[in-house]
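The following features are taken from Swiss-Prot:
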{"type": "SITE", "residues": "Arg21", "note": "site 'Transition state stabilizer'"}
{"type": "ACT_SITE", "residues": "Tyr26", "note": "active site, proton acceptor"}
{"type": "BINDING", "residues": "Asn77, His83, Asp90, Leu104, Ser105, Arg114", "note": "substrate binding site"}
{"type": "ACT_SITE", "residues": "His103", "note": "active site, proton donor"}
Amino acid sequence: MSTQSRILILNGPNLNLLGLREPAHYGSQNLEQIVNALTIQATALNVELEHLQSNREYELIEAIHNAYQRIDFIIINPAAFTHTSVALRDALLGVDIPFIEVHLSNVHAREPFRHHSYLSDKAVGVICGLGADGYEFALKAAVKRLRSN
């Protein structure tokens, strides 16, 4: 691990529409605002932050593969891929990088098909229903874990 920890933030499909799409579920902040706030927080915590949002499953998988031996922790909001992607699960398990799963909305208070996650049983933790604050809590938790190891 480098002297400065590196954390990768991954955001899945339709999160590029934050601020426009169903604000009652996802809030009014757009993704750029969320990432900017996280970047400020990461700087204050003395960690490097990388970010990728993609609507394409393979791009998220490639980012996970490229994180191997380069990234210390992943924070992922897989969005709709949460409920469908064995491939994302396998990629995360393959690189053996600890990760936290984040969801803006409380997926358990929504449609039944959103209740299952292919990732949560392998995640260090899951944060859902706290809006954009969930990312900030995940970043703090990731840094705390990295510093305690």
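Backbone N, Cα and C atoms are what each Cβ position is placed from, and that goes for glycine too.
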Notebook entry, point to check: Within 10 Å of His103 (active site, proton donor), Cα to Cα, which of the binding-site residues Asn77, His83, Asp90 are there?
Noted result: Asn77
Note to self: If you count CB neighbours within 10 Å, which one among the recorded positions His83, His103 has the smallest count?
What the structure shows: His83
Next item on the list: Tell me the Cβ contacts of Asp90 (substrate binding site) under 8 Å, same chain only and six or more apart in sequence, or just say none.
Entry: none
Next item on the list: Could you tell me which of these binding-site residues, Asn77, Ser105, has the greatest number of Cβ atoms within 10 Å of its own Cβ?
Entry: Asn77
Checklist line | DSSP state at His103 (active site, proton donor), helix/strand/coil | finding: strand
